[in-house]
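Only one structure is covered here, and it is reproduced in the block below.
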Amino acid sequence: MPWGSRTALSWALLLRLLALLRPLGLGEACSCAPAHPQQHVCRSTLAIRAKISNEKVVPASADPADTQKMIRYEIKQIKMFKGFEKVSDIQYIYTPFDSSLCGVRLEANSQKQYLLTGQVLSDGKVFIHLCNYIEPWENLSFLQRESLNHHYHLNCGCQITTCYTVSCTISAPNECLWTDWLLERKLYGYQAQHYVCMKHADGTCSWYQRHLPLRKEFVDIIQP
């Protein structure tokens, strides 16, 4: 079935936006700002657990002059965590074919399950790219899986700031300092896997790990 002009416009705008996000001098690279898993869920309109059944390369729009391609993944949705008001059951998700436009490559026809976050376009189609949080389900910690149901999207009023230097300090009462890069030299380290930035009744936010105390390294940086 040919796609309408509204659909073509949606894809065209998204692909142009991703092209503009390329850093100068790195035409073949995809660059994304770091974000904690909680931030990814809060910024996305959709979060689901799914398996990839099939994949197919399709035109990005109905315009014959448009040479851009998309990968259309056919999925089996296992559970939806966010996006109920946008869509009910998802059959396909789309991503740019070009890796420089942050296209996502997923394993099809396997038993692997994924956490997929992304955007629902005005025509109801789901769009994902490498700047979304996309992880094999088996790689998620127990707290991450639990937080997808409640904690992440119930605490979107908290601000999470990525720390790159020891001088990183809190600048607002609703802020949590994310120190994985500073302490472990990787983004999705212990703090991303095992902590949620939670809002309290007085409007302040702090890291929460079920009923366990904060690790000393976090306390030293958060409370210098």
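Heads up, the Cβ atoms here are built off N, Cα and C, so glycines get one too.
Because TrEMBL annotations are produced automatically, they should be read as predictions rather than curated entries.
Annotation comment: TrEMBL describes 1-29 as signal peptide.
According to TrEMBL, the disulfide bond annotation covers Cys30-Cys102 (among others). In the shown protein chains, 21 other C-beta atoms lie within 10 A of the C-beta of Cys102 (disulfide bond).
Per TrEMBL, the feature Zn(2+) binding site maps to Cys30. Cys30 (disulfide bond) is surrounded by 20 other CB atoms, counting those within 10 A of its CB over all protein chains shown.
Summarising the annotation, TrEMBL assigns domain 'NTR' to 30-156. The average pLDDT for the domain 'NTR' (30-156) in the predicted structure is 93.
For Cys32-Cys131 (among others), the entry in TrEMBL reads disulfide bond.
Here TrEMBL flags Cys42-Cys156 (among others) as disulfide bond.
Counting every protein chain shown, 21 other Cβ atoms lie within 10 Å of the Cβ of Cys205 (disulfide bond). Taken from TrEMBL, the feature disulfide bond covers Cys158-Cys205 (among others).
Feature annotation from TrEMBL assigns disulfide bond to Cys163-Cys168 (among others).
For Cys197 (disulfide bond), the count of additional Cβ atoms within 10 Å of its Cβ stands at 26 [all protein chains shown]. According to TrEMBL, the feature disulfide bond maps to Cys176-Cys197 (among others).
When the disulfide-bonded residues Cys42, Cys156, Cys158, Cys163, Cys176 are compared by the number of other CB atoms within 10 angstroms of each CB, Cys156 has the fewest. Within 10 Å of Cys205 (disulfide bond), as judged by C-alpha distances, the disulfide-bonded residues found are Cys176, Cys197; the full candidate list was Cys42, Cys176, Cys197. Across the structure, Cys156 (disulfide bond) and Cys197 (disulfide bond) place their CA atoms 9 angstrom apart.
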